DNA sequence: CTAGGGTTAG
């Protein structure tokens, strides 16, 4: 009997598909406000006054602030509007606010240089020479043509890494042959960006300001993206604001760079605000901007936001490119919409675009997490048939998908292909995916062989691999192997996390005597408080108050996604150690602490107990609790039962986790409760009101 | 990396 929740499989494989669209509501509401309020709400706050460059314009954050206040004043249930935004700027005394220039900055035209070959070779020598000043100067002696403006620019453009770019730049400066225009700074900055040298970039920028060299949109976007890559987001915003203050309008490249800054910070509100103000300035965003929008909604798992992006592109007649599709597909996955991802992919292929490895990685991952075996395998076939591009991440994603779907043979074939392949190597991801499969199917022999192979080829086991192995050996009751693998992993640097502890705890729940003690000894190293708590639960004399306090404190120190597994395991432990009432206490506490949202749902026609996220023991406990409640209601006649009562265990779409429905069925039978497994709805147990009422009455009669 | 923006893995 496999405890559904407590398998490492469930711990690892359940993607936190979130249906929470709070952020989108906010974003869309914000969007609505932005569409409507420009006529009524004080426009001075949104207006970037460019007509008087001497007057300092308010900074971006100052401008955002009043908008934030506006949204807080908004009635909470305003309907969402996803229509094409219309500019409604009608205040004649003020100009239409403009936040970006609709013209991209022009780039200087390319000048042909006949001695390009010589200079490129020279640049390569500079790039390859020693980093010391002397070595560099020695090569400089051999410059094949005089360092005119264009020659110097060409060399500078071909130089890497950044240290060399700086050396050459400084050398040109000392030569004093021509003024250093903006483009020279821009080229050096780009090189510095590759080296993530934000401080040096900023130094150069100040040098430009001091010496009166103009900073243009290319300069700013380079500074901003460098700050972004160095995770200096406040710096990125600071430079964006600085450009307004100097009277320079960002063009769409700089603008979408900043959109992405907010996107990476997860600030949906700010992204939407900037986007909307760009739109009302007459901007038609290009695919890059839409990719940024898609990313921000994807990160928030926000389906409404994704729909908004699609609709915007449609109404503005912007054709998505491959990157936009890839980002949208990824976003669909995060929003838990595998079906829509599938149709979006077909739309993409129909439009004539060919998927790349990233596209396929996103889709395969989505199908795997959704347990859509048919679609995953069909796509895999199509990939092979069409010769669509693969890379090592896609290979590993296919392996993980096999783990999600329990495709042991397919995974082994792929694993061997990868082993033989020249263009991809087995790495820790590949091995971990295989360990996940063997852990799921309970193939302890192969799991052990793989573990030994890993140490032989020098690929360290990570915490997830260790968890899979613990699960595998626990299920196989090979407790000595479990202990060995745990000890070795910890010695080699694996830091046990809450998932691993949950897995150990689940093994404890179905082990007895010595075996349980051995596993508890492992758990003792990883989480001693949990072991103490298990002992408290077993001890009859522990009071409810103490259990409650200690449990709360343990949960507080447990990561979110491991809390329910912990509670499930602890309930199982109580039931398997003859502490049934304590199991009821823990279930009650778990419910109070919000670990089982929606456990019981009511409509006028039907009351339902949802035990899909519960372990076998927890599901049994919940069912008993429910029966007690129903009996009390029937006897006290305080409330009318609905026509239908049902319990949902889930059908166990996962190949290896179909144990819950069976265990539940036998528990129902043991209690002689009148619930029947539904023929047409898999995973449902159903009783009518009459059944329950007469069952309660006959039990009451028997008790007299 | 040929002066600037966006996308892949428990």
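The backbone N, Cα and C atoms fix where each Cβ goes, glycine too.
The domain 'Smr' feature in TrEMBL is assigned to A:609-693.
If you look up TrEMBL, you'll see A:216-250 (among others) marked as repeat 'PPR'.
Note on the repeat 'PPR' (A:251-285): mean pLDDT across this stretch is 94. Under the heading repeat 'PPR', TrEMBL lists A:251-285 (among others).
The repeat 'PPR' annotation in TrEMBL covers A:286-320 (among others).
Broken down by DSSP into helix, strand and coil, the repeat 'PPR' (A:321-355) contains 26 helix, 0 strand, 9 coil. Residues annotated as repeat 'PPR' in TrEMBL: A:321-355 (among others).
Beyond the ends of the repeat 'PPR' (A:356-390), by six or more residues, the same chain brings 13, 15, 17, 322, 325-326, 329-330, 332-333, 338, 341-342, 345, 348, 397-398, 400-405, 407, 410, 424, 653-654 to within a C-beta distance below 8 angstroms of the stretch. The annotation repeat 'PPR' is assigned in TrEMBL to A:356-390 (among others).
For A:391-425 (among others), the entry in TrEMBL reads repeat 'PPR'. Across the repeat 'PPR' (A:391-425), the DSSP tally of helix, strand and coil residues reads 27 helix, 0 strand, 8 coil.
For A:427-461 (among others), the entry in TrEMBL reads repeat 'PPR'. Sequence-distant contacts of the repeat 'PPR' (A:427-461) (same chain, at least 6 residues past either end, Cβ-Cβ under 8 Å): 7-9, 12-13, 392, 395-396, 399-400, 402-403, 406-408, 411-412, 415, 418, 467-469, 471-473, 475-476, 478, 481, 485, 488-489, 492-494, 656.
Annotated repeat 'PPR' per TrEMBL: A:462-496 (among others), in sequence order.
Listed by sequence, the residues of this chain that lie at least six past the ends of the repeat 'PPR' (A:321-355) yet keep a Cβ under 8 A from its Cβ atoms are 15, 17-19, 287-288, 290-291, 294-295, 297-299, 301-303, 306, 309-310, 313, 362-363, 365-367, 369-370, 372, 375, 388. Away from its own ends, the repeat 'PPR' (A:391-425) comes close to residues 13, 357, 360-361, 364-365, 367-369, 371, 373, 376-377, 380, 433-434, 436-438, 440-441, 443, 654-656 of its chain (Cβ-Cβ under 8 Å, at least six residues beyond either end).
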